[in-house]
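**Student:** Could you have a look at this structure, given as structure tokens, before my questions?
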Amino acid sequence: MNKLGVALAAALLLSAGCTGQSGNGSSPTTLTYWASNQGSSLDNDRQVLQPELEEFTKQTGITVKLEVVPWPDLLNRILAAATSGQGPDVINIGNTWAASLQATGAFAPFDDSALNGLGGAQRFLAGSLAATGAAGQTRTSVPLYGLAYGLFYNKKLFREAGIGQPPTTWEELTADAKRLTHGDQWGLAVEGSSITENAHHAFILGQQYGSDLFDASGKPQFDTPQQVAAVRQYLEFMGTDKVVNPSNAEYGNGTQALHDLATGKAGMVLWQGNAETVLKANGMSPEDYGVAPMPFPQPTPADGKHINSLVAGINLAVFANSGNKDGAMRFVKFLTSAEEQRKLNKSFGTLPVVQDAYQDPAFQSPAIKSFQQVLAGSAAPLPQIAQESQFETTVGGAIKDLFAQIAGGKPVGDAEIRAALSAAQQKMATGG
Amino acid sequence: MAERGRVSGKALPYLFLLPALLLELLVHVLPMLVGVGMSLLKLTQFFLRNWSAAPFAGLSNYTVALDFNGAVGGALLHSFAVTLAFTVLVVAGSWLLGFTAAFLVQGQRRGRGLLRTLFLVPYALPAYAAVITWSFLFQRDTGLVNGVLADLHLVGAGDRPFWLLGGNSFLAVLVVALWRTWPFAFLVLTSGMQAIPHDLYEAAALDGATMRQQVRRVMLPLLRPVNQVLLVVLFLWTFNDFNTPYVLFGAGAPAEADLLSVHIYQNSFLTWNFGLGSAMSVLLLVFLSLATGLYLRSRRVR
């Protein structure tokens, strides 16, 4: 027997693999930074970040080793680093994972004095700062980039179809999408294989339909009638409305739906604000597309909330066993400074998370304003509880399977949706 | 030089074996034991940094994994069945292809080297590069497979099949695994055939044996030891194959092609429950040990 159980081998290999590239030696003059993929490609991220890292080196004498980690790998890499105790010094995390990762104890806490060192809590946008860890516990991350969901539409296709205004209700969106759907062209594009996107939409629509994913004691309740209705709303675009290309069930790398919008294969996409960089890379300039807030159901369902985005964004965390915590904190201060917030968020098409960066005219454009308003007024943070990341993987995965069934021509109704969500809930119960 | 004061002659061979033994313990036995240990813990995200603090779970991870009426156990059983079917088909297919190719190439003089090299290409390619190429080929709208089918008018523009979703995904992963595995069977069978002295065939031919009889009565019996090892190795590799399904489908494989190794990975990494994942791994280990042991016993090979 020379074959071991795969999960075990994978766990050991992953932890071993990370030892090789760990940067948390005790040298006070170097830092390792794992950045998430914000730009149109990993290379694009490197090009944006490298000059700023050099600027940091100039100011402090600390060299920063940069690695840009693609989204599909980021959570696993963080987990492996947490398990093995070998990892980078400073890291980017999706802010929806903040509480889950806080529970691992892998990150250094940001107490009040640490936050004061960054200019104090009042400098940060309240919504973004709320998504940095579970309530009542010392936060283990601070906001870096702010993001919100919106509706992106192709202006040319809208003109051709005679649609003057972007839709504000799901009914209008479906009607518009039907007018946009003909031949090779589709009304809406989704990433049906993306576990994260599916989970985000399940949450946002769930809020609109009055669903609470977890009860007061923190127990998952995914198969409520409200949540089933929310998921059905999302799946129907491909299922009964037929305004989404069934091929979208295969999409999942975070660029395919935007590619379809940019190339005129799809009229609309529901996406986070950072779509801009990918659209630009696909040859679509800002005047060719419009941005509007994500629609609402009409009439408002009972218990429905006026929510059309999650408080999305990227947080910065410092690894608890960093050998250069002092340098790491200085780096966090640098990245959250007004100057760097302006530069980085401008390049990535994201929103600054500190008030004092908004004076820049770059953040006065209609698109940015629209996202800013959503983030300030109608965005809800995903539940900041330890099981959040399991919610994303189980529910997002269930919706991925449902999309695959629809694409394969099988009918998916309330019964199928409820069964899939119940199974996801059962799997949650076996996890943390 | 005096022998006294040195290691006695009897102990010396064992001393030479010691480094290998230690490495064996370190590389194989220890991780297995760690895995068994993990499977008895409730090892979730709260204890990732400090495994020793994880509460003892007893056999509860095993109960969950083996409760085939529950969501987790039911999915595991389904995945096991899919993997078994997949393994049987890949091993049988690889052996048949490998045997046919080795048989046809062995009589050939001209171009034999070239053919052999060509056949070995899938085996020599890095798994990731090879499989990601297949995943491009299998895309519904832009993939070459559907492109060719459409050009041949076998499918219409509107009803292009999905290869990476739904029932076809099993076929897709089967084809890729076969493509990757058969060269190994070819390689082993070729060397096995070369070891058979040519005189035996000549003698058989003199006795009036047809080509078919030569294969059945001379070649196959002499290949028996080779085949035994080959089948065990192919079985273990295929049953445990992680790269092919993972690169082809990503972390969330479609239910129809939900192979066990990726399934276990998903249960530990995506839901952050490493105790449950380890329990499943131990069950896999037990099954593979039993299957291999029984097979070798029935063949009376030690």
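Including glycine, each Cβ sits where the backbone N, Cα and C put it.
Among the features that TrEMBL reports, domain 'ABC transmembrane type-1' is placed at B:80-295. Summarising the annotation, TrEMBL assigns transmembrane segment to B:12-41, B:80-105, B:117-137, B:170-189, B:221-239, B:274-296.
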**Student:** Checking distant contacts: for the transmembrane segment (B:274-296), what same-chain residues at least six beyond its ends satisfy Cβ-Cβ under 8 A?
**Tutor:** 32, 35-36, 38-44, 48, 54, 57, 61-62, 64-66, 72, 76, 228, 231-232, 235-236, 239-240, 260-261, 263-265, 267-268, 302
**Student:** Let me spell it out: take the transmembrane segment (B:80-105), skip the flanking residues so only those 6+ beyond its ends count, and list any with a Cβ under 8 Å from a Cβ in it.
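**Tutor:** Sequence-distant neighbours of the transmembrane segment (B:80-105): 112, 115-116, 119, 170, 173-174, 177-178, 181-190, 192-193, 215, 227, 230-231, 234-235, 238-239, 256-260.
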**Student:** State the residues, same chain only, that lie 6 or more residues beyond the ends of the transmembrane segment (B:12-41) and have a CB under 8 A from a CB inside it; answer 'none' if no residue qualifies.
**Tutor:** 47, 51, 54-59, 61-62, 274-275, 278-279, 281-282, 285
